[in-house]
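Over in Swiss-Prot, the protein carries these features:
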type: BINDING; residues: Gly10, Pro11, Arg12, Gly13, Arg14, Met15, Gly99, Thr100, Thr101, Ala125, Pro126, Asn127, Phe128; note: NAD(+) binding site
type: BINDING; residues: Lys38; note: NADP(+) binding site
type: ACT_SITE; residues: His155; note: active site, proton donor/acceptor
type: BINDING; residues: His156, Gly165, Thr166; note: (S)-2,3,4,5-tetrahydrodipicolinate binding site
type: ACT_SITE; residues: Lys159; note: active site, proton donor
Amino acid sequence: MKDIKVIIAGPRGRMGHEAVLLMERTPHFQFVAAVDYKHGGEKISDLPGMPALDVPIYEDLHTCLDEIEADVLLDLTTPEVGKKHVTLAVEHGLRSVIGTTGFTEEELQHLTNIAKEKEVGTIIAPNFAIGAVLMMKFSQMAAKYFQDVEIIELHHDQKLDAPSGTAVKTVDLIRQHREPKQQGHPNETEQLKGVRGANVDGIHIHSVRLPGLIAHQEVLFGGDGQMLTVRHDSFNRASFMSGVKLSIETVMNLDHLVYGLENIMD
């Protein structure tokens with residue numbers, strides 16, 4: 001396979017650190033630069049806990065793109081920064097793989113339009129874990145037969161957005177096979193505001209944030225005399241790297257935006 005030159009935005013985060021290790025152990029990935037606003041002008045090898053890689057770090061993506069030739073931007077920053085980075089990458093004609101969440105439908109549509117116009121491959125993945133993608137697909141299948149469903153998503157207490165992108169994507173998939181309906185007793189009231197969670201077309205979403213967690217989700221389907229639970233657990237960030245690798249390899253052959261890892265899996 002032809003070598004793929006990769007820029008990583010957000011190398012100091014836990015996902016970013018795993019991605020750096022992925023670059024190091026994947027022969028056809030060339031780690032050419034990183035973007036980190038706190039460590040511009042340094043090398044990856046200067047960062048604590050990083051491998052001894054002579055890879056330059058830039059303070060901002062704009063400067064990096066002016067000086068570095070790359071094939072793919074891998075963005076593992078925050079929702080706010082990730083939105084700016086993917087827009088800049090598409091405008092520069094650079095393929096990108098985005099692991100941040102929090103995009104609105106309007107923002108996704110805008111990015112879809114400009115990626116199509118520029119013919120630039122872009123992948124936005126709410127979750128890179130292959131098992132999580134299968135969990136979402138299984139939930140979509142189950143929704144054909146179980147109309148009553150609730151979602152509980154659990155993440156570490158440093159996660160910035162709620163509900164998670166995975167939960168939002170799961171709801172989108174379920175809604176393809178489920179008409180909006182009121183779930184629970186029609187006269188149900190909340191004695192404590194928000195206790196029933198967010199409500200999307202009658203699907204309740206509950207977000208848990210605690211130390212010790214990484215990324216977990218369970219989708220509960222209820223029926224007469226039975227219950228089906230579909231659950232996925234990521235116990236460390238290494239669980240996401242197979243999806244990151246697949247996305248980087250796949251985006252090289254795209255000329256448009258793809259939202260969701262399930263859309264590039266056979």
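Using the three backbone atoms N, Cα and C, a Cβ is placed for every residue, glycine included.
Of all residue pairs in Gly10, Pro11, Arg12, Gly13, Arg14, Met15, Gly99, Thr100, Thr101, Ala125, Pro126, Asn127, Phe128, the annotated binders of NAD(+), the farthest apart have Cα atoms separated by 20 Å. Taking Arg14, His155, His156, Thr166 as the recorded positions under consideration, the smallest Cα distance to the residue listed as 'NADP(+) binding site' is found for Arg14. In sequence order, Ser164, Ser207, Val208, Arg209, Leu213, Ile214, Ala215, His216 make up the list of same-chain residues 6 or more apart from His155 (active site, proton donor/acceptor) whose Cβ falls under 8 Å from its Cβ. Taking His156, Lys159, Gly165, Thr166 as the recorded positions under consideration, the smallest Cα distance to Gly10 (NAD(+) binding site) is found for Lys159. In sequence order, Thr101, Pro126 are the binding-site residues from Thr101, Pro126, Phe128 with a C-alpha within 10 Å of the C-alpha of Gly165 ((S)-2,3,4,5-tetrahydrodipicolinate binding site). Here the CA atom of Thr166 ((S)-2,3,4,5-tetrahydrodipicolinate binding site) lies 9 Å from the CA atom of Thr101 (NAD(+) binding site).
In terms of Cα distance, the recorded positions that sit within 10 Å of Thr166 ((S)-2,3,4,5-tetrahydrodipicolinate binding site) are Pro126, chosen from Arg12, Gly99, Pro126, Lys159.
DSSP gives Pro126 (NAD(+) binding site) a coil state; it is part of no helix or strand. DSSP gives the residue listed as 'active site, proton donor/acceptor' a strand state. Secondary structure at Gly165 ((S)-2,3,4,5-tetrahydrodipicolinate binding site), as computed by DSSP, is helix. It is Arg12 that, of the recorded positions Arg12, Arg14, Lys38, His156, Lys159, has its Cβ surrounded by the most other Cβ atoms within 10 Å. Take the mean position of the Cβ atoms of His156, Gly165, Thr166, the recorded (S)-2,3,4,5-tetrahydrodipicolinate site; other residues of that chain with a Cβ within 8 Å of it are Thr101, Pro126, Asn127, Glu153, His155, Lys159, Asp161, Ser164, Ala167, Ala215, Gln217.
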